[in-house]
Amino acid sequence: MFFSARLLAAKTNVAILGAAGGIGQPLSLLTKLNPAISNLALYDLVNTPGVAADLSHINTPAKVKGYKGPDELDAALKGADVVIIPAGVPRKPGMSRDDLFNTNAGIVKSLASAAARVCPDAHLLVIANPVNSTVPIVAEVFKKAGVYNPKRLFGVTTLDVVRASTFVAEAQTQATGKAIDPSDVKVTVIGGHSGVTILPILSQTGLSFSQEEVDALTHRIQFGGDEVVKAKDGAGSATLSMAQAGARFTDSLIRALNGEKNVVEPCFVESPVAAEQGIKFFASNVTLGKEGVDTIHPIGKLNAFEETLFEKVIPELKKNIQKGVEFANQA
Ligand code: NAI
């Protein structure tokens, strides 16, 4: 499924900020299992010495070290090639991702400032929500520091395509009576990473659906995160599936950085795809390469239903991006 990087020499340094959290711990575990990683720095405000000691006993090449509290942030970031940011509060039932803005925007801004200073050439993978706003925040912080490289900044939207292939495979299995392996179902998901900004392009899957199925699947893919928030009943949002998605994206990026060709992952990046609509950041499939973002794929053909969904993506995404830019530029 991933870790096809196993044939590579372990030479990539990865730092995870928020490593002791619900996502951080399983993501740290999966990242420790990636044989292409040489050093794994685990930073959080709490508990990282324990998490690091525990993971350090696993017999894979990555050397694990824990860093706790702001005084140790610079040391955690030193030499990082890839910085993954799951730090921040998760949703509770009834909350939208935008409701997290007030807390998480400040956390992401301060972590990005440190990264821009200590490891300005690192690839930044933003998991902390609202991704539609936190990615522009990181971009602005890096711009202010004079070190912004749009090829190296990614909002991690992998979980949307992971969910999409699971839900579509389930629905097709039910409709046809034939078992379908979810990992064989590829669904392109574009736009952003919250509610109506998540646009699955079911018409491009090559599968046939009734309009009723399209309505139900589209809604489930857009609001799949809510199922987990509700089931956890106040104890947080997706952590384990997000860890898998984050580890998959990290592995794909490392393989591409090491020269593997045709590595394609969806992600939320600075993009020309919706520039005509005034949107600076957009999620679509991206071919990753030695510098990070290599080729941003166009959306392709949308059917009439998807066109109407696309019209709803634009104003919401514009608002989310603007909010991040304004926050980052406040004194
Ligand atoms: P959590 O509360 O379990 O863990 C967050 C961790 O961040 C905690 O260990 C906390 O101590 C740490 N933290 C807080 N402020 C920090 C700072 N200034 N520096 C370093 N660490 C800090 O939350 P969870 O469930 O791990 O979620 C983290 C974030 O990921 C949330 O914003 C959530 O909305 C987001 N998320 C994103 C998804 C995506 O698809 N991109 C999917 C699911 C969640």
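Glycine too: its Cβ is placed from the backbone N, Cα and C atoms.
Because TrEMBL annotations are produced automatically, they should be read as predictions rather than curated entries.
Remember, predicted model here, so these are calculated numbers, not experimental data.
Site annotation for NAD(+) in TrEMBL covers Gly18, Ala19, Ala20, Gly21, Gly22, Ile23, Gly24, Asn104, Ile127, Ala128, Asn129, Met242, and the matching candidate from Asp44, Asp81, Asp215 is Asp44. From the candidate list Arg91, Arg152, the residue TrEMBL records in the substrate site shared with Arg97, Asn129, Arg163 is Arg91. Applying an 8 A CB threshold to same-chain residues 6+ apart, the list for His193 (active site, proton acceptor) reads Arg97, Asn129, Pro130, Val131, Asn132, Gly155, Thr157, Asp160, Phe268, Ala283. Taking a Cβ distance under 6 Å to any atom of ligand 1 as the criterion, the binding-site residues Gly22, Asn104, Arg163 reduce to Gly22, Asn104.
Ranking the binding-site residues Gly18, Gly22, Gly24 by other CB atoms within 10 A of the CB puts Gly22 at the bottom. In the predicted structure, the domain 'Lactate/malate dehydrogenase C-terminal' (157-327) carries a mean pLDDT of 96.
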